[in-house]
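**Student:** I'd like to ask some things about the structure below.
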Amino acid sequence: MSENSPQTAPPVRISVAGSAGTEGYDVLIGHQLLGELPGLIGPAAGGPSAAGKGRVAVLHPEALAGTGEAVREDLAEQGYEAIAIQLPNAEEAKTAEVAAYCWKALGQSGFTRTDTVVGVGGGATTDLAGFVAATWLRGVRWIAVPTTVLGMVDAAVGGKTGINTAEGKNLVGAFHPPAGVLCDLAALDSLGEHDYVSGLAEIIKAGFIADPAILDLIEADPQAARSPRYAHTAELIERAIRVKAEVVSSDLKESGLREILNYGHTLAHAIEKNERYNWRHGAAVSVGMVFAAELGRLAGRLDDATADRHRAVLGAVGLPLTYRGDQWPRLLETMRVDKKSRGDLLRFIVLDGLGKPRVLEGPDPAILLAAYGEVSA
Ligand SMILES: NC(=O)c1ccc[n+]([C@@H]2O[C@H](COP(=O)([O-])OP(=O)(O)OC[C@H]3O[C@@H](n4cnc5c(N)ncnc54)[C@H](O)[C@@H]3O)[C@@H](O)[C@H]2O)c1
Ligand SMILES: O=C(O)C(=O)C[C@@H](O)[C@H](O)[C@H](O)COP(=O)(O)O
Ligand SMILES: [Zn+2]
């Protein structure tokens, strides 16, 4: 391996500023980053326990049992009292029952406020791990080790943690930023194509709301972009993380600007619930963005070319563009509990142009229905 190969190059470091009384942290993107973990857990995390350096709980999905155990062993060899907690794969981890299972494990291992949670996995795992860290003893330190492209570019960054309830997606949660995010690009090699492509939806979202160069890079070779071996994968990931880091640095608690990261999500979350979470989040966000583009167009805010570009780029990488036409009444009902709603007022993020996300409040129901007609299968 040459001295300058991506595997030996120093990691890219993107800083996220602290706000609202929280500390800032870095997102590292590169290879073999697990050596950074002890520095993030660190003695500064609260000093050594009687048993050694402190306790660490490594939360991982079933699919990454080997990785989770390897991380635990490594930390144990370095003197931490490390336990591994295995979670169900994907969205099945984001439940109150799984959170309660984790609280029990932390309680039984004597986890205190100086101890650390590490979430190793996709966005569902880091959402749950962060939520467990946010709620245990009203908040302990946590570190995100995202292993999906979606986790790296979006879920692990920004401190939104949470679980689903019977009424909908992410309805219970907390803003609880991690102490660090380690994006080891080698993890993407074992990810199935469907999961990889689903993660591209959030990268494309970052392109439409803030960094159109992302769209150019994907449009240059959409087939190649479907794989982590694409020549521009690292740049795409880095660009999307920069978009997210900049937004959450200035508005951690979503009092304004952060809402732009919800582009396409109002409908997406309703589709996910309707599908009992058998659709991947990114796939639903893809349909949600086509819907939002049509809504923007019909509301007279978005030009035809940019609206059409949504279908073109999302379709070119193989993401879905339509959903069942007969489900509109159910989806509309679910969208009413979206976190952007205010009372009875539905609110959407639409584009006033490429890279110009804005809020659309209380759209005419006829326009909403017409926009849905454009994504109906
Ligand atoms: N907190 C946020 O800001 C935020 C942002 C975006 C999305 N999210 C959430 O992220 C979740 C979606 O995340 P996702 O797309 O990463 O899906 P996921 O976490 O459900 O992971 C998909 C599947 O891949 C498996 N997996 C993970 N890493 C793997 C690897 N390296 N190799 C092989 N298999 C692997 C998982 O076990 C799972 O079965 C949703 O719940 C969504 O709401 C949160
Ligand atoms: O970080 C944010 O803010 C986002 O909205 C990013 C989204 O991609 C993500 O799916 C988030 O979990 C959605 O949040 P929610 O508040 O709508 O549940
Ligand atoms: Zn999302």
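Every residue, even glycine, has its Cβ placed from backbone N, Cα and C.
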**Student:** The Zn(2+) site in TrEMBL includes E202, H265. Which of H194, H281 is also listed there?
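**Tutor:** For Zn(2+), TrEMBL names E202, H265; of H194, H281, the listed one is H281.
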**Student:** For the recorded Zn(2+) site, whose residues are E202, H265, H281, find every other residue on that chain with a C-beta no more than 8 angstroms from the centre of their C-beta atoms, and list them by sequence position.
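**Tutor:** Sorted by sequence, the hits are L150, D154, A201, K205, G264, A268, G282, A284, V285, G288.
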**Student:** In whole Å, could you give the widest CA to CA gap in the NAD(+) site formed by G123, A124, T125, T126, D127, T147, T148, K160, K169?
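**Tutor:** Across G123, A124, T125, T126, D127, T147, T148, K160, K169, the widest Cα separation comes out at 21 Å.
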**Student:** Looking at Cβ-Cβ distances, which residues of the chain lie under 8 angstroms from E202 (Zn(2+) binding site) while being 6 or more apart from it?
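**Tutor:** Listed in sequence order: L150, V153, D154, A240, G282, V285.
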**Student:** Determine the Cβ neighbour count for D127 (NAD(+) binding site): the number of other Cβ atoms within 10 Å of its Cβ.
**Tutor:** 27
**Student:** Please spell out the DSSP helix, strand and coil residue counts for the domain '3-dehydroquinate synthase N-terminal' (85-196).
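**Tutor:** Final tally across the stretch: 50 helix, 34 strand, 28 coil.
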